[in-house]
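Have a look at the structure below before the remarks.
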């Protein structure tokens with residue numbers, strides 16, 4: 001079977017969704033700039049070789065509608081002979097884009113793909129136009145479409161305390177801030193033009209969402225936001241609202257080598273899995289178990305792990321049931337996660353994979369896992385191997 005490899009991976013800085021640096025920048029522009037960036041960074045690649053552009057996006061309406069993958073690829077100047085498709089697996093959309101490209105390569109249906117994802121949550125809110133079928137309440141718990149309440153449920157089932165959630169959130173901000181100050185995000189962030197607080201045009205080079213001042217005391221002062229009476233999940237222990245995009249150049253290994261392109265990682269295995277929609281945040285557990293089995297490895301073989309931090313109350317049960325509680329500080333989200341950086345829905349799968357690959361390089365690691373939960377009860381996971 002042919003091998004799918006990551007040649008390059010980049011992301012935008014994460015902009016705050018409310019009056020942030022990308023308030024005047026459209027989702028198509030964020031996407032197109034990354035597509036152009038991949039080509040500029042890899043001049044050996046003839047753009048005419050691109051088979052398809054596969055782009056994740058959840059709210060496919062307004063500026064993100066009418067196949068944003070094609071709109072962005074045309075804006076980027078990618079040859080019109082390349083295809084383009086927008087995919088939606090909710091939070092796992094751009095990781096699904098990775099999987100779609102990998103499967104195509106493995107089965108001989110192309111050897112060069114640009115993949116990624118975007119979500120401008122400031123321009124297109126998560127709930128915009130959503131209208132659940134009334135009959136869905138006969139199949140799943142009524143609150144299954146309310147992500148915060150599913151996190152509350154999962155946290156309660158696993159005995160996750162408010163203090164544990166707050167500590168996990170503080171860790172996320174501290175690590176993301178340290179990664180910024182120490183330049184550990186520099187290789188993955190591709191600068192994008194935006195606007196400062198005064199409206200001046202600037203080149204944005206750092207994430208805007210991180211709050212280094214976050215402490216246990218400041219989080220303790222926040223009130224539960226989803227279940228005000230009995231809940232423990234606050235805005236501070238939930239993924240931040242942010243705007244951003246991520247992108248990868250994925251190729252068939254021998255083709256990349258023939259062109260003299262770098263091989264940053266190989267896709268070792270992939271998996272998706274379902275779980276009860278009422279505890280959708282548990283999805284990484286069965287998805288990871290599948291991916292590890294397909295790779296022929298165990299969780300102990302993993303050197304670095306990126307687990308998307310939708311909520312602290314969701315992440316901690318996954319850490320526990322995957323047998324990772326004792327290695328959190330050694331292996332998991334070493335540069336912080338979505339609580340600090342935000343979770344632009346369609347962007348996050350390729351974003352955490354990009355962060356993972358850079359961490360693997362920094363630590364000279366061999367095996368890494370990127371995994372995330374998905375609304376309405378799914379999980380998705382990818383095992384990467386440096387070669």
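The backbone N, Cα and C atoms fix where each Cβ goes, and this holds for glycine too.
Listed features, source Swiss-Prot:
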| type | residues | note |
| --- | --- | --- |
| ACT_SITE | 91 | active site, acyl-thioester intermediate |
| ACT_SITE | 343 | active site, proton acceptor |
| ACT_SITE | 373 | active site, proton acceptor |
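Recorded residues residue 373 (active site, proton acceptor) and the residue listed as 'active site, acyl-thioester intermediate' have their alpha carbons 7 Å apart, per Cα-Cα distance. Separating the Cα atoms of the residue listed as 'active site, acyl-thioester intermediate' and residue 343 (active site, proton acceptor) is a whole-number distance of 8 Å. A C-beta separation below 8 Å, combined with a sequence spacing of at least six in one chain, links residue 343 (active site, proton acceptor) to 91, 239, 240, 242, 308, 309, 310. In the three-state DSSP scheme, residue 91 (active site, acyl-thioester intermediate) falls into the strand class.
Of all Cβ atoms in the protein chains displayed, 32 besides its own lie within 10 Å of the Cβ of residue 373 (active site, proton acceptor). The Cβ neighbour count for residue 91 (active site, acyl-thioester intermediate), using a 10 Å radius and every protein chain shown, is 32.
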